[in-house]
Structure formats: structure tokens, C-alpha cells
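Feature annotation from TrEMBL assigns domain 'NADH:quinone oxidoreductase/Mrp antiporter transmembrane' to 23-288. Annotated transmembrane segment per TrEMBL: 56-75, 95-115, 152-171, 178-196, 202-219, 240-257, 277-298, 323-343, in sequence order. The domain 'NADH dehydrogenase subunit 2 C-terminal' annotation in TrEMBL covers 290-343.
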Amino acid sequence: MNPHTKLISSLSLLLGTTITISSNHWMMAWTGLEINTLAIIPLISKSHHPRAIEAAIKYFLVQAAASTLVLFSSMTNAWLTGQWDITQLHHPTSSLLLTTAIAMKLGLVPFHFWFPEVLQGSSMTTALLLSTMMKFPPITILLLTSNSLNPMLLATMAIASAALGGWMGLNQTQIRKILAFSSISHLGWMTIIIIYNPKLTLLTFYLYSVLTTTVFLTLSTTKALKLSTMMTSWTKTPTLNATLMLTLLSLAGLPPLTGFLPKWLIIQELTKQEMTMTATIITMLSLLGLFFYLRLAYHSTITLPPNSTNHMKQWYINKPTNASIAPLTSLSILLLPLSPMILTTI
């Protein structure tokens, strides 16, 4: 890919995200979302592989439909209430349309179909951007309008996302698809708490982004794209694979790792809101996710490949490891003891 094109796309991504998260007016927020969509498409389709082109087209169509709904929702609200301010979304129809649009942008159930396919067609770096940075502007809009949203609808979508993210990840062999369903499952946790404690949603998103970035950068270094190649990647960087196992367990939400913190706080907040049954259901559904994280961890570290494997064993990697993996791994594993300090900042 041309370096200038990559630079323009990257700067446009930053610009679009900044415009959306800092805007109060619906038109500016919509403009930022459109800039983001147009900037990521060259990055998805840069390999010119048919699957990458297909992923780019799917992404464009879904995001265009979602942006249209955002515009339609804001215009309906302005028509009926005279307000263009994002926080003044008071009309029920506009609220319903916006919830649908943001669910499409994020990949929440039942608008999740595009996300695993697009991630599978993208490179590891682009998949990382789609899983983290591209989620930030829609989550910000959801955060700003959280007072006007329907709690029952959001809770239903959140539980469905946690369930489907867990179920669909069980039989996958492609790592990017597993991480896509992991993302859908985590979005369920973020959505369920957004009305009651929006800052907790942001904390969950930040920690999820750190964990996912660590996993994607590690997999990008070892070049593992499916479970069978993951089994042989331990020979390249044994230490990196051991830390990858811990990061995956943290992503699953096991104590005493970082990933346990947001789940613990969300369950606590739901119990405070007298939603004990909802908290119990979503906690039980997270066990499905735990199974495929354990499977990934098992394949990355504990399993030795059979002698009849078709993959050539490679001893030690030639290129240097990404320098950011070490601090990110430390954050992914060791933040739980600092939770009192983190809680004072939110």
C-alpha cells in the first residue's frame, strides 16, 4: 500500500474519531462517523484479495445504512422537538432508530452478521482497528444519549450479544473470527450497564481495548491465523506465547487478572440496581466465552503438535518483537491490584 495513502487514511481515522467524540451537534457527529468509514475502507481492501474486497463492500454497505439511520433519527428528533443537541434526544421513535443504528455500527445482536466476516477478510492490524478504535465513536454517542434510551431494549440486546458471542465462538477455528465473537460478547457487557453507570462502560471499553490490542499484536508477531498454526507457533517465541495465554485468560475475565475488574464492577452495579437475575444470566453466559478462551490458551501454550503436522516448525523469529507488547501485556495481566486507584478516577 502506498505510504501516502496509508498516512492519509490513518490521519482521517484520527480526525473522524476526534470530531465525533467532541461534537455536540448531530451533523458533526454524523460527519465524523462518515470520515471514519471512508478512511478504514482502503485499509480493509489493501491486500486486493477477493475476501478483502468482499469484506470492504460488506463493511461499507452496513456502515452506510447505519449512518443513514443516525441521520434519519437526528432529523426526526429535530423536526419534532427542535433540538439538534446530541444529549436532547427525547422522542421515542428517534431513540429507537438511534439504538438500531449504533447496534449496526458496533455489531450488536441482531446486527452482528457483518462483523466476523469483515474481520476475517482483513489483516491483523486492520482487524485490531475495527475491534477497538472504530468502536469508540459509536460508544461515545451511546454514552451521550444514554438517558434517553430504552433500558429493556438495551438489556435484551446485551444478553443476546453475550449469548451469541459465546455460542458462535465455540466451533470456530479461525482466530480472527473467535476474536470477533469475543468482541460481540464484550459489547454485551458494555451495553447492559450504559444506562446505569456510563463511566463503567468506558472503563470496560478501555480495558477491553488494551487486552485486545495485546492479543492482536502478539498474534501478528507470531503470524498465527488459525488454531492449527497457533499450535506450532510456540517454537518461535515461547515467552510471548506464555504471556499470550495469560492475556487470553484475562480477556476471559478470570481473577486475579485485569479482565476480572470490569466484570466484577458490572455485576456489582447490576446487583445494586436490583437486576440480580440479569447479572446471573450474563455471568453464566460469560462461561461460554471462557471455554473458547481456554481453548485458545491451551492451543497457544500447552499443546504440542503431532508429528504428522503439515506446518514447518520455525525456531525463533527473525524480526524483533513489537516494543509495545511488553507494557501492554503487563497492563493486561497486572492491573487488578490497582483497582482502588482506577475506581477513584472514574
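Glycine is treated like the rest: Cβ placed from N, Cα and C.
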Sequence-remote partners of the transmembrane segment (277-298) [C-beta within less than 8 Å, at least six residues beyond its ends]: 155, 158-159, 162-163, 165-167, 169-170, 172, 175, 178, 181-182, 185, 188-189, 192, 227, 230, 244-245, 248-249, 251-254, 263, 266-267, 270-271
Long-range neighbours of the transmembrane segment (240-257), counting only residues six or more past its ends (CB under 8 A): 182, 208, 211-212, 214-215, 218-219, 221-222, 233-234, 263-264, 286, 289-290, 293-294, 296-297, 300-302, 321, 325, 329, 332-333, 336-337
Chain residues in Cβ proximity to the transmembrane segment (178-196) (below 8 Å; excluding those fewer than six residues from its ends, i.e. six or more beyond): 106-109, 112, 115-116, 119-120, 127, 131, 135, 139, 142-143, 146-147, 149, 151, 154-155, 157-166, 168-169, 172, 204-205, 208, 212, 215-216, 251, 262-263, 266, 269-270, 273, 278, 282, 285-286, 288-289, 292-293, 296
Intrachain neighbours beyond the transmembrane segment (56-75), with Cβ under 8 angstroms and 6 or more residues off its ends: 26-27, 29-30, 33-34, 37, 40-41, 44-45, 84, 89, 94-95, 97-98, 100-102, 104-105, 111, 114, 117-118, 121, 130, 141
Stretch-level contact, the transmembrane segment (152-171) and the transmembrane segment (95-115), CB cutoff 8 A, at least 3 pairs: yes
Remote residues contacting the transmembrane segment (95-115) - C-beta distance under 8 A, at least 6 residues beyond either end: 33, 58-59, 62-63, 65-67, 69-70, 72-74, 76, 89, 130, 135, 138-139, 141-142, 145, 148-150, 153-154, 157-158, 160-161, 163-165, 180, 183-184, 187-188, 191
